[in-house]
Structure formats: C-alpha cells, structure tokens
Amino acid sequence: MMTTLTARPEAITFDPQQSALIVVDMQNAYATPGGYLDLAGFDVSTTRPVIANIQTAVTAARAAGMLIIWFQNGWDEQYVEAGGPGSPNFHKSNALKTMRKQPQLQGKLLAKGSWDYQLVDELVPQPGDIVLPKPRYSGFFNTPLDSILRSRGIRHLVFTGIATNVCVESTLRDGFFLEYFGVVLEDATHQAGPEFAQKAALFNIETFFGWVSDVETFCDALSPTSFARIA
C-alpha cells in the first residue's frame, strides 16, 4: 500500500513493503565517547538524540513491513581489507591515520570483533533484519546490497546514521546512480565535522540526489491513517 512522505524539495510516494530503512554505521566508533571519531578529534557529544530518533524510525519502519538494513564499517584485525599504500583509503581514512599517529590504538579502531566496531547498545538488529559489513564509505561498494534490494523489488531507500557527509551521503549517491530513490531523515543523522558539513550534505542531497525529511514526518507517513488517506 502506497504512502506519501512530506519531504524537501517535494513529497515522495512509496510502498513501505517495497522499501528499506538503512541504518549506516551506528557503531561505538562513530557515536560513543572513546570511539574512533572521538579519538580522532571529532565531536560526538550530540549523538544521543540521533540514536533515540533512529530507534523510533526503526520501530515504525519494522511495523510497516519495511526491510531494515544495518551497516557496520570496518576491516579485519590486520586491516588487509582497508587497503595498503596503493589505496587512497589508506591515506584518507582518519581511523587509519589516527592509528599510525597512535600505534597503541592499532587493532582497536574499526577492527571486526572490537568494541569500536560494535553497534551501540541501544540499537539491536532483530530477526529478519540484514546486517552488512562494508569496507569503504559507500554501502554499495564490495557488498551485496544492490542484489539484496533488487531481488526484493526494493527501489526506495530511507537513510539514517553517521556520518551524514561521509558514509550516508556516499551510499545515497551511489544508490542514485543505480536508480534508487533515496530519502535521508535529517534528525536521525549526524555529521563528522562542523555543523556546516551537515547542512552542506543535506543541501547536496535535496538539490541533486534525493529527498530530505525527518523522523516524526516519516512515522506519520507510516501510520494507518496515512495509508487510509492514500487509499
């Protein structure tokens, strides 16, 4: 059953049962003091409301029959998956750079199995959800995301998570190039860097690549009364 989500720059209509809510990298690394972003000098002090808003969005999406996909960014303990000096990721990843500056952190930042890699305690995948590791910013790079979505007839993606201006935007952009309709819930995301990075990412998304809405509006669009209005 179709519903219409109020968004910028215009409303978008979609079928929740042929859509997915994507939770990007809600790991201790990105959302918890003592995690990678915090240790690398980024401000994570305002991530708690984002976690709560994602909980709300996930609950509403699951009740409406949407597929929930959780991403975890990171690599093996030896960081082979991160790429060596021949990879730009080796030079640009702030996690890798932080570990080179502070060798005592080696094997602790974004390493699979570590506390840093784990999802925050408040966000727990449920049976029927899909949890995917990813080795780069985009959730489409070297993951089965595209085939998972296409095999289910899913064309609409609703994004939450951290960081808006890095992994969220990268995944939404790649989805745009693959003909997916991407919506980001702005109050269920958080930037890496100053506030202007959040504003710039949202501007790019709503102007060039997708749509921007918020959690309350999203939940309202998934309510039974909204489906009744469309019908």
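Glycine is treated like the rest: Cβ placed from N, Cα and C.
Database features, via Swiss-Prot:
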ACT_SITE  D25  active site, proton acceptor
ACT_SITE  K134  active site
ACT_SITE  C167  active site, nucleophile
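Sequence features annotated in Swiss-Prot and their locations in the structure.
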{"residue": "D25", "record": "active site, proton acceptor", "Cβ neighbours (10 Å)": "25"}
{"residue": "K134", "record": "active site", "Cβ neighbours (10 Å)": "23"}
{"residue": "C167", "record": "active site, nucleophile", "Cβ neighbours (10 Å)": "23"}
Simplified DSSP label at the residue listed as 'active site' comes out strand
According to DSSP, D25 (active site, proton acceptor) sits in coil
Cα-Cα, the residue listed as 'active site' versus the residue listed as 'active site, proton acceptor', nearest Å, comes out at 9
The rounded CA-CA distance in Å from D25 (active site, proton acceptor) to C167 (active site, nucleophile) is 8
